[in-house]
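A.B. asks: Relevant sequence annotations retrieved from Swiss-Prot are reproduced here:
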- Asp14, His15, Gly16, Lys17, Ser18, Thr19, Asn130, Lys131, Ile132, Asp133: GTP binding site (BINDING)
- 2-183: domain 'tr-type G' (DOMAIN)
Amino acid sequence: MKNIRNFCIIAHIDHGKSTLADRLLEYTKTVEGKDMQAQVLDDMDLERERGITIKSHAIQMKYNYKGEEYILNLIDTPGHVDFSYEVSRSIAACEGALLIVDAAQGIQAQTISNLYMAIENDLEIIPVMNKIDLPSAMPEEVEDQIVELLGCPREDILRASGKTGEGVTEILNTIVEKVPAPKGDPEAPLQCLIFDSVFNPFRGIIAYFKVVNGVIRKGDHVKFIATGKEYDADEVGILKLDMCPREEIRTGDVGYIISGIKTSREVRVGDTITHVSRPAKDAIAGFEEVKPMVFAGVYPIDSEDFENLRASLEKLQLNDASLTFQPESSAALGFGFRCGFLGLLHMEIVQERLDREFNMDVITTVPNVSYIVHTKKGEEIEVHNPGGLPDPTLIDHIDEPFIRASVITNTTYIGPIMTLCLGKRGVLLKQEYISGDRVEIHYDLPLGEIVIDFYDKLKSISKGYASFDYHLHDFRPSKLAKLDILLNGEPVDALSTLTHVDNSVTFGRRMCEKLKELIPRQQFDIAIQAAIGAKIIARETIKAVRKDVTAKCYGGDISRKRKLLEKQKEGKKRMKQIGTVEVPQKAFLAVLKLD
């Protein structure tokens, strides 16, 4: 046990942690030359293409140092803000962390939030400055930032390059020297912390865990504490690039368990595994249910695919327990599901995986967040969907979720960023200068304002330099109203949204203009209206396509022409009564892209 080192890598998106992990694997000869490819640990094609890590991964390396063999378990974590619960569980399974900072970009918001998480878990932190081979690297300035953040001596900061492999030996040596061996009692009742699960179509759900106390052996009868379910450990083993079965896994080590579990609901990240015969008295602290933050309706384009969509979502859920869904129906789109996601990136990824892995064409409605409605009778109702709002006469007030956000940016962009946050009803809490030209701004913002396009706008006004991190803070009463879109007087439920009263008129007007561009012209006029309750706040009209019926009259009496025009008008009127307006898929998504 004294030769085991468990560590994770903390970094902001794009600071090169997956590449550096590749170098560590190559250097310790964990991965043979023929298996080597970029981002070895990222299994999904989607992860490689986008260059992001979505799920946590784990891999075991062996390293000889001063004549002794050490086992290093690297637990790779996602860097994106949507997946911060996965990061927190991975961090809890480690004793040390490599803090990777890009020598060209410096410290970013995500780095800081994950670093605080590591410090709370008492991890030994090893600062590494990556990408020092870049021509745009600023090693001295970035070193100043790291020293200021960690308060460590300058000579402790390792310089490395994931691309050239420079500094990799120093990193491995430092891990062995500085990261403490896992603490734990091999004789105590079994306690294993689950930090991830993956779905294998042949063997069911495979849980990855770290043994905190005790020893787990093949064939043991075990119990998952949070769900209370019992299983037999058909196979346990360690994680190299592939799984290597072992007879037992001892205290402090990281491994996997296969026990024929069918659904991901039964394996919760953060849960504890213990023996049925000699159970641990309590679970490992820190387990929490992940609550979805963003909700959207997902509908099949062809309504006959409803059952296929259900099956696809269930399969996705096997691999991604944070995805929730329940059936709902819409007059405009037919039957579909109301899905809950951790954030916008998570939503995009689920959509893309539905398309790639299951060939499902889906329509997604406007994402919204959950609100708490207080009725005049004193009841509290949680609403995920604007259609679920009770009658306005019964509502006392509505609470909406607020987040606490921190934005790190160059001082050049402070003005535009503050304007953006104020436009999103943000409240400035404080601003702190990290170094001469970098500042951290703290805001309280309503989650509903951020959910659509805040991140994209932040990136574009700061030329990609600003970084953003947030966590849910609390619920606060707000003046919200349900905005309906009517086409020829008929409400289209899939386009309804909840907006703040102050922004509703401009939002309604922009929405109508956008829909006017996207809905194709018909044989009759189409009125697009935005309404709050019975009050119309904006209107646009799509003019009818019409034939020149008087073309065949040359000269002659005006009454002849009038007769033909009246006849056409009658026909158009009749068409309008029975005609329906097709809303194209583009129009549902356009709402997300209103500027």
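Backbone N, Cα and C define each Cβ position, glycine as well.
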A.B. asks: Mean pLDDT for the domain 'tr-type G' (2-183), rounded to an integer?
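C.D. replies: Value for the domain 'tr-type G' (2-183), mean pLDDT as a whole number: 74.
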A.B. asks: Within 10 Å of the Cβ of Ser18 (GTP binding site), how many other Cβ atoms are there?
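C.D. replies: Its Cβ has 24 other Cβ atoms within 10 Å.
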A.B. asks: Output, ordered by sequence, the same-chain residues six or more apart from Ile132 (GTP binding site) with a CB under 8 Å from its CB, or 'none'.
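C.D. replies: Spatial neighbours, sequence-distant, of Ile132 (GTP binding site): Ala103, Pro139, Arg159, Ala160, Ser161, Glu166, Gly167.
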A.B. asks: Tell me which of the binding-site residues Gly16, Asn130 sits in the most Cβ-dense spot, judged by other Cβ atoms within 10 Å.
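C.D. replies: In terms of Cβ crowding, the pick is Asn130.
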A.B. asks: For Gly16 (GTP binding site), what is the secondary structure by DSSP, using just helix, strand and coil?
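C.D. replies: Going by the DSSP assignment, Gly16 (GTP binding site) belongs to neither helix nor strand, so it counts as coil.
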